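First the structure, in the form of structure tokens, and then the observations on it.
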Amino acid sequence: NVLDGCSTATKTAKGRKPAVQRTHFDTNLDFQSVIPKAWAPAFRAPAHCACAACGRLTLPEVGGVRSSLCGRCRGNASPKKQRCRLDGQEAKGSKFITSSASDFSDPVYKEIAITNGCINRMSKEELRAKLSEFKLETRGVKDVLKKRLKNYYKKQKLMLKEGNCADSYYDYICVIDFEATCEEGNPPEFIHEIIEFPVVLLNTHTLEIDQVDKADTFPQVLKKVIDWMKLKELGTKYKYSILTDGSWDMSKFLNIQCQLSRLKYPPFAKKWINIRKSYGNFYKVPRSQTKLTIMLEKLGMDYDGRPHSGLDDSKNIARIAVRMLQDGCELRVNEKMHAGQLMSVSSSLPIEGTPAPQMPHSRK
């Protein structure tokens, strides 16, 4: 018993049980002499180390056998030593098993994880050299370069697997960035009116950008935008989604303006991609680094045009979206309006296209 090395002093009275019991531990006790030998390895100070494949913290096996892999990865480990390759080719001796895209026991995921570890140890100059070798964009901060190279390699490896879901993705992304009247401090009771309604259309296949012309009053602008979207066959022939720089464009500005113009909220605008949220999640940066100018800077780009011009802002947002698509990000709907309230959309839900645009009915 481990407590055999302890001495107990009890204060007793005749015919009574001990009223107070105090336990004194012998600080000079050698626990290794008390613990059974078969248990001894489990009581040693655990030496945590990162799994070479997936990065999880792992402990030595009971019995003192050390391994650079965690238990899950040890089960899938090949007897041959694996080497990471950054040339888009299979490592020597590696063998891939065809399985579903959600089966992370497939060896391809282990090789991707090992390669990610190699990429994490590369300097900025090495990252740029490797990206240049693959004819990829070399601008951006180090974290962006690492993410770009990891996603390129991951994409190349997963292309070898069955079940490519590219056909389920959007054909177009509509970038909308309203400019509205505002007041210093933006008090809650202030009524914002939309003064610019720019729309930029991004083709996710060619990465080309198109834009809608300007119009006059809000109902006229909205009708012209909807007619333009119909002309592009969005929601009928082509799958599409709306993209904004933040939540306010749809949840506040459009909502308030529709009330002022006595129009119902258009159904096609009830779901959208908040690029700030997508950028933060993809590049693993805090919300404070998801402002338009900061996103451009981190991606190695300058603002093109006049700041706070709705059309120029939309074009620059589209440029960020293009770069994120090139870096392997799957931009998808992450926010929606439900019963007049802003809500998040889970990334685990299947990608759904936005309804075909229709001019909303007037409010009674």
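Even glycines carry a Cβ here, placed using N, Cα and C.
What TrEMBL says about a protein is an automatic prediction, not a curated fact.
Quick caveat, the model's predicted, so the values are computed rather than measured.
Noted in TrEMBL for the protein shown:
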DOMAIN    119-153  domain 'SAP'
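Residues of the domain 'SAP' (119-153) grouped by DSSP class, helix first, strand second and coil last, total 24 helix, 0 strand, 11 coil.
The average pLDDT for the domain 'SAP' (119-153) in the predicted structure is 93.
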